[in-house]
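> Per TrEMBL, the features are:
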type   : residues : note
SIGNAL : 1-18     : signal peptide
DOMAIN : 65-78    : domain 'Granulins'
Amino acid sequence: MKLFVIILVLTLVIMVCTNNHEEKPPVNSEIICPDGVSVCPSTSTCCISVDGDYSCCPIESGVCCSDHIHCCPKHYKCDLKIFKCDRVFNAKILSMEPSLNKIEV
């Protein structure tokens, strides 16, 4: 009976530890944009820029604005009339940065 309780407790501990562990990419890893060429940090979002290439929004899961210059945090929308991110709270509109490099084929 003691052995059964020990195994049960250990199994529960292992289940709790593995369920609480979310796999996130390393901070210094990169993502490949949908064009298959542009690369951005994993902590950012690929957005199409004014020139049609991809730029990096400096927010993970960011929202790309229709002006192809700005982006907003997840769950916000771009209000380009007043250059703010619209939600219940005010958020700062951010400028996108050029992608890090191009993947050579």
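Backbone N, Cα and C define each Cβ position, glycine as well.
Owing to the predicted nature of the structure, the values given are computational and were not obtained by experimental measurement.
What's the neighbourhood like for these features in this structure?
For the domain 'Granulins' (65-78), same-chain residues at least 6 beyond its ends with a Cβ under 8 Å from one of its own Cβ atoms are 45, 47-50, 55, 57-59, 85-87, 91, 93-96.
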> When DSSP states are grouped into helix, strand and coil, how many residues of the domain 'Granulins' (65-78) land in each?
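Summed over the domain 'Granulins' (65-78), the classes give 0 helix, 5 strand, 9 coil.
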